[in-house]
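Feature list (source: TrEMBL):
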ACT_SITE  H96  active site, electrophile
ACT_SITE  E166  active site, proton acceptor
BINDING   N10, W11, K12, G172, S211, G232, G233  substrate binding site
Amino acid sequence: MSARKLIAGNWKMNGLTASLEELRAMRDAVAGGHLSHVDLLICPPATLVAAAAQTVGDAFPVGGQDCHERQEGAFTGNISAAMLADAGATHVIVGHSERRTLHGETDDIVRAKAEAARAAGLTAVICIGETESERETGQTLDVLGRQLAGSVPDGATADTVIVAYEPVWAIGTGRTPTVDDVAEAHGFMRARLSERFGDAGRAMRLLYGGSVKPGNCATLLAVDNVDGALVGGASLKSADIVAICDGVRTLA
Ligand SMILES: O=C(CO)COP(=O)(O)O
């Protein structure tokens, strides 16, 4: 468990140079002391990582959304963790359900990417989560257990790994699990990580992701073992990010 909530934004395939304006506004909100009760992380598309890191300076960290398992080589179109680090990133999302579904990424691949992130000095934000049919057939905890075992590398620590629980059916749909369902999933993840990693597993940050908005963030982030949020659509605008951070002010 971590006392300060982490609000992490995943911009997905959104953002042109004009979007740096939003990052400037977020930087100014942080610089004004307005967000001092939370930690903020924004993961723009790879094309903007260097400019984003320059724009926000040391106001808050910037991350990538994916990396290759290798640090260099003949892998046309891919980007390595070393390249993201070189561009100024400190974190990288790996195993997002959109990568798992649209790019066939398995737990083995996700684990290799998390290991590559660690080798490059980046914190990996490892995403897991069940599909709607898996939930409906009562397989949620089995799926989470399997993905945790397969995707989180041996030797993971709270500095090298953050785990994000993102139910696939809650992403971009406006639907969220009940507070009880989030509590069950996060309690299960905490137990599994503690069993495997001891104190490191108890300290690892667990984020909830899937339709987090200013109106529901306080409810979702008040749940036990929810140390922050991984926010998609509502992370694109500074006003929404500030509203989400405001929403969790009482939880700090
Ligand atoms: O996939 C997500 C973050 O990684 C969640 O996206 P939304 O917040 O748009 O549902």
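Note that Cβ sites are derived from N, Cα and C of the backbone, with glycine treated the same way.
Between the CA atoms of S211 (substrate binding site) and the residue listed as 'active site, proton acceptor' there is a gap of 9 Å.
Among the binding-site residues N10, W11, K12, G172, G232, G233, the residues whose Cβ lies under 6 Å from any atom of ligand 1 are, in sequence order, N10, G172, G232, G233.
Comparing the recorded positions K12, H96 on other C-beta atoms within 10 angstroms of each C-beta gives the minimum for K12. Here E166 (active site, proton acceptor) is positioned 14 angstrom away from K12 (substrate binding site), judged by their C-alpha atoms.
For N10 (substrate binding site) paired with H96 (active site, electrophile), the C-alpha to C-alpha distance reads 10 Å.
Of all Cβ atoms in the protein chains displayed, 20 besides its own lie within 10 Å of the Cβ of G232 (substrate binding site).
The closest partner of E166 (active site, proton acceptor) among the recorded positions, by CA position, is H96; the full candidate set was H96, G172, G232, G233.
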